[in-house]
């Protein structure tokens with residue numbers, strides 16, 4: 001703190017306590033208020049972050065650029081020390097320059113309770129300050145248990161009250177700086193951009209960082225990849241075919257240059273899959289995600305050094321290159337008269353300098369869900385055929401009118417069944433709140449409890465509201481009408497899936513696209529197994545096989561294990577990993593959790609009901 005103050009910058013300290021990560025269904029998209037934090041506060045010592053501000057000599061104080069370096073004040077490592085060194089050198093330079101048009105804020109965040117929590121706590125205080133002191137209340141609660149706590153907190157409060165939390169203008173952009181001391185073969189820069197619920201920063205910010213790193217500092221830029229796909233023989237075969245066709249087309253006409261090398265195709269596909277999965281998961285890939293919650297463009301720059309941190313010459317060279325990269329990025333953002341506005345916020349990365357815009361990949365999503373309303377309308381129209389109405393109703397006009405009226409409202413029973421299953425989905429989404437109250441619960445026991453309680457609640461729903469098959473037993477229509485009822489049920493189910501996927505595309509487009517890729521084939525292919533087994537044809541047996549495979553693989557826990565096995569190897573599968581994965585979704589308030597339990601799971605169960613429908617041929 002003293003070193004930052006000696007540079008002539010404004011400096012202050014900010015303290016915060018860890019927040020409990022407890023699931024509450026009514027607070028899913030809202031943050032916990034301060035009162036609840038006081039009640040659930042622990043007696044742990046507060047984390048203390050230091051904030052330094054350089055006022056721009058040519059600015060009006062309305063905009064600011066943020067530098068963030070996280071460090072563990074309890075157990076720091078060499079990488080964190082180098083991160084602080086890089087940020088301090090850049091910050092000291094910025095206190096002397098005259099070209100600044102935006103204020104500079106350097107946040108040295110104490111990450112003893114997590115990097116994201118440290119940044120998020122400072123942002124909460126920056127945008128929504130609390131006008132009462134929680135530290136004295138916290139001290140009174142814990143002083144009886146820990147007499148040394150009061151002395152430590154009084155010292156911290158005195159430091160904070162010296163100046164209070166300093167603020168600047170609206171945040172234009174934020175850079176989170178990390179240094180990895182892993183002795184790579186070459187110095188590289190890894191860019192992490194994904195925030196909560198698939199939010200991405202403006203693509204211009206990534207392009208600026210990539211250009212400066214590659215063309216100015218000679219760094220190898222990396223983005224996330226699914227490494228298991230790099231060795232995929234299927235992808236290599238497809239890439240080789242595309243390369244061959246491209247070379248053939250170029251030999252016929254040199255202007256036809258659509259072919260790409262096989263290695264580039266495989267690497268681009270692995271990067272695209274990683275970007276799609278990271279956005280669909282809805283979990284931030286770094287502490288920069290806290291800024292996107294306030295609509296601030298932010299990325300994490302993880303710089304890897306190939307030299308030992310104890311080599312002074314190499315360390316000085318590394319600090320110089322890293323500092324120049326950060327300085328160039330700050331100058332680029334500083335020179336803008338307004339925020340980035342001519343780039344994309346919805347995109348998928350296929351490389352550090354390549355991307356797929358929303359105008360391209362939304363076509364694939366539209367083509368996936370386009371058949372749903374068409375098939376739903378077709379199934380409903382076939383569910384009430386005119387021939388059955390004529391045979392089942394009397395020839396008189398009054399009887400015909402009654403039969404037409406009765407047949408026109410037959411969809412209500414199917415709609416009721418779909419509604420009950422989705423209500424059950426709401427119950428399943430709320431069960432983790434009660435499971436988390438069980439003391440000393442492991443991931444395995446919590447996951448098994450969740451599945452068992454879900455089955456019990458489903459049985460209760462059937463007992464109270466009736467199962468989708470209950471109306472067929474008391475039917476007064478023709479005995480062969482069962483072959484039409486499953487079509488009406490499937491029609492309403494497909495309509496519900498279409499609505500759920502459309503709504504999810506507004507919240508998280510990547511999650512909706514993966515959901516459509518998994519769910520739409522099962523919704524369209526679902527057909528009663530009893531009818532297929534009576535039809536001894538190749539088409540029927542193929543449909544039976546596909547429905548059984550999809551029915552097993554699309555059960556959420558099995559889907560998770562299949563994806564984990566393909567990406568990390570089936571030997572690394574942990575039964576309790578599914579609960580851990582789900583827990584991470586609700587901790588980060590990911591909308592993917594709501595999609596899984598409110599859209600995917602009910603539609604999967606309805607498809608299973610259709611497969612097991614007791615229809616007659």
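A Cβ is built for glycine as well, from the same backbone N, Cα and C atoms used for every other residue.
Small disclaimer: the values here were computed from a predicted structure and weren't measured.
Of the listed segments 392-413, 414-435, TrEMBL assigns transmembrane segment to 414-435. Looking up the ranges 573-592, 593-612 in TrEMBL, the one annotated as transmembrane segment turns out to be 593-612.
In this chain, the transmembrane segment (510-529) lies in contact with the transmembrane segment (593-612); the count of Cβ pairs under 8 Å, excluding pairs fewer than 6 apart in sequence, is at least 3. In summary, the transmembrane segment (358-380) lies against the transmembrane segment (510-529): three or more C-beta pairs, each 6 or more positions apart in sequence, are under 8 Å.
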